[in-house]
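Encoded as C-alpha cells, the structure appears first; notes follow it.
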Amino acid sequence: MYPSNKKKKVWREEKERLLKMTLEERRKEYLRDYIPLNSILSWKEEMKGKGQNDEENTQETSQVKKSLTEKVSLYRGDITLLEVDAIVNAANASLLGGGGVDGCIHRAAGPCLLAECRNLNGCDTGHAKITCGYDLPAKYVIHTVGPIARGHINGSHKEDLANCYKSSLKLVKENNIRSVAFPCISTGIYGFPNEPAAVIALNTIKEWLAKNHHEVDRIIFCVFLEVDFKIYKKKMNEFFSVDDNNEEEEDVEMKEDSDENGPEEKQSVEEMEEQSQDADGVNTVTVPGPASEEAVEDCKDEDFAKDENITKGGEVTDHSVRDQDHPDGQENDSTKNEIKIETESQSSYMETEELSSNQEDAVIVEQPEVIPLTEDQEEKEGEKAPGEDTPRMPGKSEGSSDLENTPGPDAGAQDEAKEQRNGTK
C-alpha cells in the first residue's frame, strides 16, 4: 500500500527533519498538488464578493475593526490538499486509521504517520493528540475521537463533540499553530446528525475565537459532501455575520473609553476639591492673625499719641462722629486727660482683644486717616478755645454712655490750661 522506501525510514528522524524545514524546502518534496492558504477566502471576503457594493464594503471595513469573519473560512474539497499549519483528523480510538476522512489522511501522509500513531497508544473520546504531517502539505495532524451517536444524540454526545473541538484548539494554541482546518467530526459512520454537529462546531469555535482571536490567523471548516456545505453555509450566516464584531475587541474599546474618561473625572474631582479648599480659605481669612494684631497695636499707639476716639466693648464707633470730634480732642490735650484716656484705652483694648479671640469673624476696626493741622488751623483753634466754656471730652461718641457720665477735670486745671494757651498765643 505504501512505497517500500518509506517503510524503512524511522518516523522520529523524519519528523525532526521535516519540522526543521522551511515552507519552500517542504514544497520541493510534495508528492501531490496543494492549495495554499492565501487562495482560500475568509468568510468576510466571500460575503463581500456576493453582490455587495464597494461603498458598503468600505463602510463595513471602517466600522468593523476586528471581525471574527476574517478568522474563519468555508471550504468544500479534499482536506489532505490544504497547505496549512495543521489539519484535524476525525479518528477512531486506536488512531491507526480507518474509513472516511481518517483513511484518506493516513494514505496521503504515508507510513510514518501510522508509525507515530502506534506510539501514542490510542485516544479517548473527546480528547485529541498531535503528530507530524509527513507527506501532507500540512505541517501537523491533530487526531481527535468523536462520539458514536448512530443517529440518536443526547447531552453526553453533544458534550463529547464540543470537547473534540476544544481539545483540538488547545493543541493549536500550545503548538503555535496559526492556521487549522476542521472536517465534519462524527457525521460519517459514527452517525451524528449533520445539522446539530455543525451548530456545535460553529458555536464552540466562535466562543474560543472571541477569547483567543489573536492566537490564530484562520480556522477553516472543510466539508466534502453537498449536504454539509449547504448546512454550514446557512449556519455561518447566523454565527458569523459580516457585521459581527469581535466581542473581546468591544470589551477593549469599552476599557479604553473608560480610561479616556478617567482623567477627566479625576480632573473634575480635583477641581471640586480645590473649590472646597478655596471656600475654606475664604472662611478662615476672617480669623485674626498676627498681622491684624499688629494693626490693632498700631492703632493703639496712634490713640495714645493723638487722642483719637476709642471703641469700647467691641462696638464700632461711628466714623462720622469720630471725624467731627477728632480736632476738638486734639485741642484739649492735657496731662491729666492723657493719663485718664490712656488707662481707659488700655482697658478698652483688652476687652476688644478678648472679644475678637472668641468671635469667628473678627471685626477689624478701620481708623480714619489723620490729617495733621497746619499752623493757620492751630491758630484758629487756639482763638476758638478761650470762648468755649467746657472742653469736649476726647473719644466721646453717641453710643458711649460711660464717657458722657465721666466727670471732667477740676476748674483749676481748666484755668491753668487756658492761661497756658493765651500765653502761647
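Positions of Cβ are set from backbone N, Cα and C atoms, glycine also.
Per Swiss-Prot, the feature substrate binding site maps to 77-79, 90-92, 97-102, 185-191, Phe224. Among the features that Swiss-Prot reports, compositional bias 'Acidic residues' is placed at 244-262. Taken from Swiss-Prot, the feature compositional bias 'Basic and acidic residues' applies to 302-343, 381-391, 415-425. The feature compositional bias 'Polar residues' is assigned by Swiss-Prot to 344-360. Per Swiss-Prot, the feature ubiquitin cross-link maps to Lys170. What Swiss-Prot lists as domain 'Macro' is 59-240, and the listing cites sequence analysis. If you look up Swiss-Prot, you'll see 243-425 marked as region 'Disordered'.
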### Query
Reported as an integer number of Å, what is the Cα distance between Ala90 (substrate binding site) and Lys170 (ubiquitin cross-link)?
16
#### Entry: Those residues of the chain, 6+ apart, with a Cβ under 8 Å from that of Gly77 (substrate binding site)
Ile35, Cys222, Phe224
### Those residues of the chain, 6+ apart, with a Cβ under 8 Å from that of Ile185 (substrate binding site)
Val88, Ala90, Thr144, Gly146, Leu161, Cys164, Tyr165, Phe192, Ala197, Ala201
### Query
Counting other CB atoms within 10 A of each CB, which of the binding-site residues Gly97, Gly100, Gly188, Gly191 comes out lowest?
Gly191
### Task
Please name the residue among the recorded positions Ala90, Lys170 whose C-beta has the most neighbouring C-beta atoms within 10 angstroms.
Ala90
### Task
Provide, as an integer number of angstrom, the distance between the C-alpha atoms of Gly100 (substrate binding site) and the residue listed as 'ubiquitin cross-link'.
25
### Query
In which DSSP state, out of helix, strand and coil, do we find Ala90 (substrate binding site)?
strand
